[in-house]
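Colleague: Once you've had a glance at the structure underneath, I'll fire off some questions.
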């Protein structure tokens with residue numbers, strides 16, 4: 001049996017918008033939600049280390065270990081050097097090469113974690129996600145994956161002879177009379 005208590009007419013029938021906002025913050029954007037999940041995942045990773053690593057003692061080597069740990073959950077096929085499909089962008093058959101985290105995913109992850117670190121009180125000067133060793137690691141992953149999939153990483157510079165030849169081809173030829 002429920003008891004109905006009459007409302008005080010001065011209370012009104014609904015809550016005000018400001019009171020509602022204080023109890024229910026606006027939903028997070030996709031980026032903010034992902035950043036929060038990534039930050040929580042990294043924090044859990046540090047807690048699971050033996051011995052656990054306090055966030056204040058976290059450095060770039062912990063970040064590199066975390067990125068390598070994440071590779072086991074990757075979905076991008078990266079052909080190894082001895083694979084028959086190494087360097088082919090569209091291999092014709094399956095192979096046993098490992099699945100890895102895609103470079104772009106790792107790059108985006110580091111960007112989100114770098115922002116989350118500073119939002120959670122870390123100083124930009126000591127941000128382990130902004131360390132040069134992380135940038136080097138990401139560059140190496142990018143180059144390795146590009147080679148393994150046969151994707152050109154850098155455009156080759158034209159040699160001077162090639163430039164002259166192409167200019168000559170474009171120039172109108174004079175006919176001998």
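The backbone N, Cα and C atoms fix where each Cβ goes, and this holds for glycine too.
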Colleague: Among 1-33, 34-66, find the range that TrEMBL records as region 'Disordered'.
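Modeller: That would be 1-33, the stretch labelled region 'Disordered' in TrEMBL.
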Colleague: Given the ranges 120-148, 149-177, which one is assigned the annotation region 'Disordered' in TrEMBL?
Modeller: 149-177
Colleague: Restricting attention to the domain 'ALOG' (30-157), give the mean pLDDT.
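Modeller: The answer is 92, the mean pLDDT of the model over that range.
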